[in-house]
Amino acid sequence: MRSGKKRARSEPGSTKQPRSKYSDNPPDFASLASLYPSFKPFVFFSGSRARIDWTDYNATRELTRVLLLHDHGVNWWIPDGQLCPTVPNRSNYIHWINDLLSSGIIQSLGGDGSKVKGFDIGTGANCIYPLLGASLFGWSFVGSDFTVVALEWAEKNVQSNPHFSDLIEIRDSKVPPQCSSVPEVENTEREKTIQEEAEISATVKSDYHDNKSFIEPAVLLGVVKENETFDFCMSNPPFFETFEEAGLNPKTSCGGTPEEMVCNGGEQAFVSRIIKDSAVLRQRFRWYTSMLGKKANLKLLISKLWEVGVTIVKTTEFVQGQTSRWGLAWSFMPIARKIIAPPVVKKSVLSFMLECIKRQYSAVDVLQSVEEFFKSCGASCKLNSSTFSVDIVASNDQCNTISKNDIADVDSVRSHGYEKQSLDGSSLQVPEYNLSFRILVFQQMPGTLLIKGSLQQKDSPLSGLFSRVFGSLEESLKSKFCR
């Protein structure tokens, strides 16, 4: 039973990390191709726009390599088949943690705060978070993992960057901390050597498959040493329950082994283990955090957090291109400053997830169905396939038809006038009794889409009607596309 102690309000964060290099400046493939000959063969042009084939693992891996080198001065490589991270998305997570640390919402662990130490749960062969944290902010890290290939290649990537290699420790999560050791790896100075060795490591099978008596490795308890304290931990948990589910998206190829992609119960179960460990370690970490691939998991996980007695919960959404992820953070530290709750307002932005989508359907099918849904009641629609959006203008009567609600809201807006920006930037007068909004479709992960709706008139008193219309759309799409 939860105690009656007053708790801090969970506050959603921004969908953008303005301090991230990639917030408003996505990678320029053409420029990178001109600077890095090894990347050039993977770049092609569609009209005037440079692109890469996201289904080509070699292309996505080479993009990650040149971005880390060009933007962060980091030498990096991974063997075939290991999970290849996207740099902009990972950078967003790192910047959000920096925002949490500098917010002053909770008390510090002591000291002057100049030396920040993080713990990366399941760092992988790519070791992306410690490398970014060390290069961007000078943070020190412990990165944990348990497969031979992950431990070996994380260490190789650390030692390939001698300018900050002393900041990062790679720790085996299957070995008790007092006995923990990782074989030293010779400093690799030549990028070619790293790539040649990767071809050999790619053939090594992990303990996960070879050891029939395999015991699931520790998360935090048993890996964190006695009296060790950290400013934060972070995790990019296994999103999926089966490896078959992980391979459903034919539009991307980021690799990934079963150990990196799959665990019993998926990400919800994995993050629940972090919560369970945090309830024991409590103030040994200032912030506990994890990334999530499914927004639907937030509600249950947040309820678990309040049950174990956290003092604060923070959430955010990471949006990069057509991909959304969510960040969850919590702490047991005392609140250092009062959090002023924002005034309650009607939402002008709404969203829902389409999960377990039938295999024969794609994001394009969903987008076209959104357009058909609103056209069927006579609303004006404009579909933009390049941005995966539909702009809609619907009358009050049309909205009420959609939401099966005959209550007219026209009178409540007679004194209001609005203007809508057309796609070419010109200003079009929208009748005051019309609702103007945009629906966007985001690819999340295999079999999952995020549907987001936003009012074009942010202060519209018709936002309540917009909520009902959006709810009807959710019901329709889930009925048609979800298993």
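Including glycine, each Cβ sits where the backbone N, Cα and C put it.
Quick look at what TrEMBL annotates:
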- 1-25: region 'Disordered' (REGION)
- Arg90, Gly122, Asp145, Asn236: S-adenosyl-L-methionine binding site (BINDING)
For S-adenosyl-L-methionine: widest Cα to Cα gap among Arg90, Gly122, Asp145, Asn236 in Å: 18
Cβ neighbour count (within 10 Å, all chains shown) around Asn236 (S-adenosyl-L-methionine binding site): 25
Other C-beta atoms that fall within 10 angstroms of the C-beta of Arg90 (S-adenosyl-L-methionine binding site): 26
Least buried by Cβ count (within 10 Å) of the binding-site residues Gly122, Asp145: Gly122
